[in-house]
Amino acid sequence: MPFLSLRWVSIVSAFLVFVALQAAAIYQTGGYFEYPLDDTYIHLAMAETIWSGGYGVNLSEPSAASSSALFPFLLVPVFSLEFQRYMPLIWNVVGLGLSAWLWAELLLEAGYGAGKLRRYGVILAALGPAAVLMPSNAMIGMEHTLHAAASLAILLGLMRLLKGTPSWGVLFAGILFAPLFRFEGLALSLLAVLVIFSCKEKRRGVVALFLALVPILLFCGFLVSLGLDPLPSSVQAKIASAVRYEMPIYLRIIRTFMANLAEPGGILLMLYLVVLLGMWLFSDTLRRSPLAKLWAVLAGATGAHLLLGHIGWLNRYEHYILAVVTAGILVLLPVVMRGSDLQRIGMRAVIAVLIPLAVYAKSNVTILVESPKSIYLQQRQMSEFAKNYMKTPVAVNDLGWVAWGNPDYVLDLFGLGSTEALKYRTTKSEPGWGGPMAVRHDVRFAMIYQEWMKEAIGKDWIRVGTFITDEDWGFVSGTEVAFFATSPDYVPQLVEALHQWVPTLPAGTHFEYDAGFE
């Protein structure tokens, strides 16, 4: 059963790396399970509100804090909040298994499962999932793993279609789910639709176009019906963090492209785009092959991501396109090098996998593994303070743990959970704009990265101290969180709650009171 074994090599290797990363992270936290990013809890907070009949992080205020149309709906707390906390992990285990299986299927379709290429196929199956960030993204616990699986399904479906053995179910599933998991999936889905039409499959092309566009347009319409913008505020916030809104569109694209090339992942994608261009220029065989259309999809999707997408944040934004373009290069190599020695093809394929493995090794082994400790020491402790000590509405600029399972209003000054705050933050607003918002929502205290949110700090706010993480562990926005009372009237309540909370802080953190509040 040689074909089956290659699938198992891919799946088992992916889960071995995943388990090793999780074990290392749990060891770092002293036995506590935690996600590497606080953003996972944004999805959980959204799902909690959905289950209660609303949409957003606060039941009383609609917001689109998640970049994914579908993922929060998969996390609704059907059983309990504690079980819900593990639902991102469960869905990412599913996504990891699907991604690894699809990776192996692509290798088999390309011929790496038989003959002299098989030994290289085993290496590619073993190293590939880790190289294209499958286990590391599954550990993060967000929608990116499922998005990558949908993207690989599109690639596999297109390959089989162009070879004359279509798998319409696989292709249609990828086209449907890629945009629903991430808006970036629209590029790959629409390119796939063009390929279907070019194959004179008009009816199926119409079906594919419907699957790609209608569900995501319905979601945008749903947001508008709630009084929100058609694009989620989380997507708008990420755009604003990369470029200024007042820029012309062409300058935004240039700035985004340059920002992406400043990241290792962006350089890697640019390298692979150059490889694809070289394949086209120097291989007449590829230009005459039915897989030339697949090449166009790969080049188009990679270029689109470099121009319009994002890179980084624990390498999650580029995961899907890295998986697709790497698998695509492996698929095209036997076509480009047809007639060459199979060993040369296999060696080049292995090199194509080793490069991303080397590029991301440090971040996966150090930053990713250490990040859960940061979230546990900082965001989880802040959540405990807000929910169990203050028990009043709170303002933050790093939404997640504090919002999930919190019955009180959470004002997100960064703007993911508040379109009003997003507009204030991304435009030239008067300093102190957070003050009136805090008054309207009866917010009594704020926990913020002061350097990030200087302009938002209300004129009447009083800082009583700073919560400090002793070491800069992993991927967290800052080691110091300033605690403010939003009015002099609330200072006694905040200080009393701090006096009860501070003695409970775990090793590796401490609280420094400002003068007069000890």
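Quick reminder: no glycine exception, Cβ is built from N, Cα and C everywhere.
Quantities reported herein were computed from a predicted structural model and do not represent experimental measurements.
Of the listed segments 14-33, 294-313, TrEMBL assigns transmembrane segment to 294-313. Away from its own ends, the transmembrane segment (89-108) comes close to residues 3, 6-7, 9-11, 13-15, 18, 71, 74-75, 121, 124-125, 128-129, 132, 134-135, 137-142, 145-146, 148-149, 152-153, 155-156, 159, 323, 327, 330-331 of its chain (Cβ-Cβ under 8 Å, at least six residues beyond either end). Scored on C-beta pairs under 8 angstroms, the neighbour of the transmembrane segment (206-228) with the top count among 168-197, 265-282, 294-313, 319-337 is 168-197. The transmembrane segment (349-369) is in contact with the transmembrane segment (120-138), judged by 3+ CB-CB distances under 8 Å for residue pairs 6 or more apart in sequence.
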